[in-house]
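Database features, via Swiss-Prot:
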BINDING   Arg79, Arg104, Asp131, Pro132, Met133, Leu134, Ala135, Thr136, Gly137, Asn138, Ser139, Asp200  5-phospho-alpha-D-ribose 1-diphosphate binding site
BINDING   Ile194, Gly199, Asp200, Ala201  uracil binding site
Amino acid sequence: MSNVHVIDHPLVQHKLTLMRRKDASTNSFRRLLGELSTLMAYEVTRDMPLQDIQIETPLETMTGKVIDGKKLVLVSILRAGNGFLDGMLNVVPGARIGHIGLYRDPDTLQPVEYYFKMPSEMAERDIIVVDPMLATGNSAAAAVARLKQLQPRSIKFVCLLAAPEGVATLQKAHPDVPIYTAAIDRELNDHGYILPGLGDAGDRIFGTK
């Protein structure tokens, strides 16, 4: 799993444990997700390409470094992926935002797209796809396949928790897409929930059932 990166920073692991607790309030869960996504953004953007530019400081001219290429795009898999956006925008405030809506067909159990809205000129952009849970991996694989049609420069997938089944599915479909997660949990249950997990991330973010 050389293309899977578990972010084991102590603050990430501490906040993730607080989020897992069943007695964490909606407010606490949402706040912790924002803090976690900010911390994870530093790791995910670690290898972004740089270019040299000439600037003037108050004292002299120097060569500085800035991010190379077009603006980064954060793509949320609706609806839970939206919980990642504010925290990541703390680190990359100039990023563009895209959304993909998918639901699971009850007969085939395969993802079906119902919404797709992206910034213009996606070719050669770097994309970070965000979804708190990588469970079966089917939605993630479908989202990445759809985004590849736009010919971006790179795609990364970021989640809070991953199941081994989801990691295997996404890696098999897209071995070129690195996965960043705070933890890889034990397994999926019969209903497709990650164990031990943290429950339904969307419901816990938005206070719904």
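Backbone N, Cα and C define each Cβ position, glycine as well.
The Cα of Asp200 (uracil binding site) lies closest to that of Met133, out of the binding-site residues Asp131, Met133, Gly137, Ser139. The DSSP secondary structure for Ile194 (uracil binding site) is strand. Sequence-ordered, the extra residues of this chain that approach the uracil site, with Cβ no more than 8 Å from the Cβ center of Ile194, Gly199, Asp200, Ala201, are Pro132, Met133, Leu161, Tyr193, Gly197, Leu198, Gly202, Asp203, Arg204. Long-range neighbours of Arg79 (5-phospho-alpha-D-ribose 1-diphosphate binding site) (same chain, six or more residues apart, CB within less than 8 Å of its CB): Gly202, Phe206. The binding-site residues examined here are Ala135, Ile194; by Cβ neighbour count within 10 Å, the least packed of them is Ala135. Between the C-alpha atoms of Ser139 (5-phospho-alpha-D-ribose 1-diphosphate binding site) and Ile194 (uracil binding site), the distance comes to 15 Å. If you take the Cα of Asp131 (5-phospho-alpha-D-ribose 1-diphosphate binding site) and the Cα of Ala201 (uracil binding site), they are about 9 angstrom apart, rounded to a whole number.
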